[in-house]
Amino acid sequence: MSDTHAQTVAFVRETEIPQSPPPALEAGAVKWVRENLFSGIFNTVLTLLALYVVVRFAIFVFPWFYNGVWEASSRKECLDILREAGKGTGACFAVLVDRWDHLVFGFKYPQDGYWRILLAFLLLIVAAGPALFSSLPRRMLLFTAFYPFLAFWLVWGGSLWLPLTILGLIIATMLVFRLISSQIPVNIRQIVSGVIGVICGAGLAYLLFIGAQELVFIANSVGTEGMIAPIAYGVFWIMAIFAFVFCVPMGIFVGYAIYNSYEDGGLVSIVASLLFGYLAFVYLLSPIWMALNSIIPIELQAVASRDMGGFMLNMLLGTICVSLSIPLGILLALGRQSPMPLIKGVCVVFIEFIRGVPLITLLFVANVMLAYFLPPESNFDLILRVIIMITLFSSAYIAEVIRGGLAALPKGQYEAADSLGLDYGQATRLIILPQALKISIPGIVNVAVGLFKDTTLVSIISMFDLVGMIRGPIQNSTEWTSVYWEVYGFGAMLFFVVCYSISQYSQWLERQLNTSHH
Amino acid sequence: MKKSVFLGALTVAGIIAGGASAATLDEVKARGKLNCGVTTGVPGFAEPDASGVWQGFDVAVCRAVAAAVLGDGNAVEFVPTTGKTRFTALASGEIDLLARNTTWTFSRDVDLKFEFIGVNYYDGQGFMVPKELGVASAKDLDGATVCIQTGTTTELNLADFFRANSISYEPVPIETGAEAVQQYIAGACDVYTTDASALAAQRANFEDPSAHVLLPEIISKEPLGPLVRHGDNEWADISRWTLNALIAAEELGVTSVNLEELSAGTENPEINRLLGTEGELGSMLGLDAGWAKAALGVAGNYGEIFEQNIGAATPIGLARGLNAQWTDGGLIYSPPFR
């Protein structure tokens, strides 16, 4: 073959040309720039414009950062240092150094107790681990369950025996539930059901009777003068009459319903354990922990809720409220789907009411209005009130997100669960919720991130969280008035780090749970 | 059985509203701490320092009352309040005394049912403008944008002033003093108005204080004072006379330096009555004979407190002006201790 064209063609290449690099304009960074930044007139103009803005911004900001003063005791001193060094612009980061403790821990938390907060935070990572990453050993969940009690002790101080006793009573309550629901024979349970039915029926009737008297008292103290008072008077009287009329029938009805549940044990075990838990907390809690504490005192310096502050307060509120509102939200979402009209009605009214009210209003109610309703010396902690309000608020939103997930499940999933013979609890736990929650992850994370940032709203009700600390004591101190960019920038950075981590985690989790392309 | 918490609470609220919450003194003594409402921070008047201890001119009143009642100027729980939460905090009983540069007005005294126990600072609302604006009088401010804190008397005074002079303005409502200053410096408004004391204090912290001028007009009377709830006159008396003791001590020349010496007994019967070496003034209030001595022992008399926190030697740098003793031509005046 090689000499076929020997007479007709002057030259035939017999070896392959070695590979040469692509032209300089079509490779590497140059190609990327040409394709992505200068691929046309319009894009070129945009690129140059953006470049101009970025450079101007950098020229503006970089010296400010670079000249930053880290050591000074007041803003005046900062300005003097900059002036002496002949620098026109410069940040006064000294405020962060000077007030670091205040920004992070609040200005009243005892300084020798900072390690407690740090330890609680580190343990939080350990405790949250098994809940967030399924690859970690399941046994670590035991620590997660124990963590809230430990963290409470570390942050608030006092006696270790208080949270331990609470934990013990919770376990005892759960044992009572198991005992009545599955451990004792039916004929004994029948007797137990009868006794508890009588107690609860009589108790409820008595409560309604007292409530009716209270309503009459309120109606009479409201009076009938003015525009609105007669309406309130009428409403309170109608409620009172209802309570009077129905106190005995309601008692009998509920008592009988409890007695009647002796065969499957559902209702009676719930009621009995609630009753037990209530009595235990009222009558056993303080004697037990005080006795234990007098035998073996394990105490940390107690810190009042009012003394919490800084970013720690945001973390505290964020963590507690997110972890409480997700289970509550799941319950509300399931309740809203329930075929039972009473449960469904309560859930719908609750969700719609909470979603219709701004969070700041709820916080004002927690801070200001509740103070009117509670006796002056009542020991109802401000942080606890705020936690309850934020939790209720976000649980309503999470409930709606999860309801979206439930609605997105094909009806076949519910029917398949039924056809396997699973009861409601099993079907929900094993089939429905895992799928619904997977769909809901982006929405839940969205709510969680929003909630975490909303915790700064407590600064409006004069709690010194990070923002409250900046707006209040720091900017109004004689040394640091008119320091803005440094402190707010620092706050923004802290929040960004936390919120960005949460969103990265949720994206990772979505990829982990993605089962659609196997 | 458990009584309904909500209904019980309503009942309690009804009883409180009925004015039966007497004996604040007993409550404070039982608690061992005075709950005192302060601002979330106004330079010189109330601010926590770098180690977290509250300092300031209003804070000193809280400490003096705590010392008079409990014998310890540190037995105070400072409850920070905002302009919006301060009155509910006091009315609901969360705090026993509100010392939060609050202007004494008719409606706050009568309609909101509070009892102002006196005046610890006579202030007035002023205006600050950049010098380059070339304005010499507040009456030249027609059409100006004005930075103003919401929920305060200054907001209402401003409206009154501009209406009375039939000139127009555009308000820029702002939540806190620090934000207002930032907006003003950034040029979001031509004029910043608030109490003249605060204007002076904030201007002292500007990068270039000389570029801004305070206009001569003082458009309102702002008598700032501590207040308590209606309905407990004994408690109001204790607070009022503690403040008066600070003022009278300055007039009588009792200072933190010579306090010990004078409390051994002097020739001046009024000093003796004040410091408890003569007469029964303490027991009339239901306190120890040495109540005023304890109050003065915290930070000295009114003049000393003024100089320490907001006086000419501090960064705030306020002159005594209206707040000098009546003997020096000011308005600070205490009824006699007799």
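Here, residue 1 is simply the first one shown, and the rest follow in order.
Backbone N, Cα and C define each Cβ position, glycine as well.
TrEMBL annotations: computationally assigned, not manually curated.
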Per TrEMBL record, range annotated transmembrane segment [choices A:92-111, A:192-211]: A:192-211
Leading contact stretch, A:231-259, A:439-463, A:483-502 vs the transmembrane segment (A:311-334) - CB distance under 8 Å: A:439-463
For the transmembrane segment (A:346-370), distant same-chain residues with Cβ under 8 A (at least six beyond the ends): 332, 335-336, 338, 380, 382, 385-386, 388-390, 392-393, 395-397, 399-400, 454, 457-458, 460-462
For the transmembrane segment (A:266-291): best-contacting stretch of A:41-66, A:192-211, A:231-259, A:439-463, A:483-502, by Cβ pairs under 8 Å: A:192-211
CB contact flag for the transmembrane segment (A:439-463) and the transmembrane segment (A:231-259), at least three pairs under 8 A: no
Intrachain residues whose Cβ lies under 8 Å of the transmembrane segment (A:231-259), provided they are six or more past its termini: 193-194, 196-198, 200-206, 208-209, 211-213, 215-216, 218-219, 222-224, 267-268, 271
Within-chain partners of the transmembrane segment (A:192-211) [C-beta distance under 8 Å, separation at least 6 from its ends]: 180, 184, 243-244, 246-248, 250-262, 268, 271-272, 275
